[in-house]
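Down below is the structure, laid out as structure tokens.
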């Protein structure tokens, strides 16, 4: 098992102007990035980064700083697999030559970190690629972009970092993985940390959602306590329906349900969301204890209601649910489970049995101090309208849906 250094050491090194190595989840990019604070950029640091990485150096910034510096997205609708928010590339307007040397790029990096810098201080395009970090950092998105901004902020510096992926010295056609990164860090006296450890550290020291209200809600599936939350960073409101004693230390049956107006409210047969919500409430009721967490802002797998309706139009023309999103220039799945994980932790849940057919949901909740002891499958709710949709989720999105091949489009299976 790889040995990681403490977050405290990494923060101290960042504050001192050193680089650190940061590893993300093996089910995500499974890569290690060299990271240092942008305001501490020197020709020597940049040259070191260029030597051992892919050389595609980026500078993560807060959304506020991106707006202040006039840094729009590189492309209007982000299609990156992991949602990396690239902006237009830039160079410093003054103090550089061609912009590509280590010294020139260091100048541009320091300028991007300067609180007094203005949009006119930069030229576009250039040789440095700023990235727009999500508000809330690694607690909202467990990526290197957010890790860099968080580390700089935690070190008491301007929230701007410099990142690049470390290349394997054993196989230069691929990226270095965790064990090799440990050796690399030791050889160069660098701290090696994981984003999962950063999340745990921030969760221990910071709070990103607030509990607003709670009330008894009698339903057709029994009485629940509705606990309302609001996200600090985007003001989106979420509701956890709680049944029974969930703080007794035993595994809790949990369903994290994505908002679906068409399925949950209108009873649309194009998806299985409404039946899944009903089934989750019924299963928690039968269990006598558990949580159904209703996540707002997840409409259409995170693309929003209007875009979902547009995707439906494309599906009526023959696209499947994945290609319809992609044809609109949108991700196949844009949902973020970080806020949901924080809510579950606030409710006192540490160990749970997760109600889902979607393995990606488990990955989205891992790293937040939550232990998932079992994935409990949801009942299959297929019909003539959603059978193709369900098969696409199985074949192209990895959902664990059994028995679909025994059905045809003219059948309805409950």
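Think of each number as a place in line: the chain as shown, counted from 1.
Glycine is treated like the rest: Cβ placed from N, Cα and C.
The candidate list 225, 321, 392 contains one residue that Swiss-Prot assigns to the GTP site with 255, 256, 257, 258, 259, 276, 299, 300, 301, 356, 361, namely 321. Each of the binding-site residues 33, 165 was scored by the number of other CB atoms within 10 A of its CB, and the lowest score belongs to 165. Shown in sequence order, 258, 295, 298, 301, 302, 364 are the residues of the chain, 6+ apart in sequence, with a C-beta less than 8 angstroms from the C-beta of residue 335 (active site, nucleophile). Using CA atoms as reference points, the recorded positions 255, 260, 273, 299, 333 were checked against residue 142 (D-ribulose 5-phosphate binding site), and the closest is 333.
Cβ neighbour counts within 10 Å, taken over all protein chains shown, single out 255 as the most crowded of the recorded positions 127, 255, 257, 301. Summed and averaged per residue, pLDDT over the region 'GTP cyclohydrolase II' (205-414) gives 90. Mapped onto three states, the DSSP output places residue 257 (GTP binding site) in strand.
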